[in-house]
Amino acid sequence: VGPGGECGGRFGGCAGGQCCSRFGFCGSGPKYCAH
């Protein structure tokens, strides 16, 4: 995970069971997980 919460590519996955949104940020909920 990057310093701004980025995920995917070189940043890798998210901690704590969070999802990576299609925009490349970690979070939870449908807007992060449903893509």
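The count begins at 1 with the first shown residue.
Glycine too: its Cβ is placed from the backbone N, Cα and C atoms.
Quick caveat, the model's predicted, so the values are computed rather than measured.
Between Cys19 and the candidates Cys7, Cys33, Swiss-Prot records a disulfide bond only with Cys33.
In this view, Cys14 (disulfide bond) is surrounded by 20 other Cβ atoms within 10 Å of its Cβ, with every protein chain counted. A distance of 6 Å separates the Cα atom of Cys14 (disulfide bond) from that of Cys7 (disulfide bond). Its own atom aside, the Cβ of Cys7 (disulfide bond) has 21 Cβ atoms within 10 angstroms in the protein chains shown. Within the same chain, residues at least 6 positions away in sequence whose Cβ sits under 8 Å from that of Cys26 (disulfide bond) are Val1, Gly5, Glu6, Cys7, Cys14, Ala15, Gln18, Cys19, Cys20, Tyr32. Cys26 (disulfide bond) falls within a strand segment according to DSSP.
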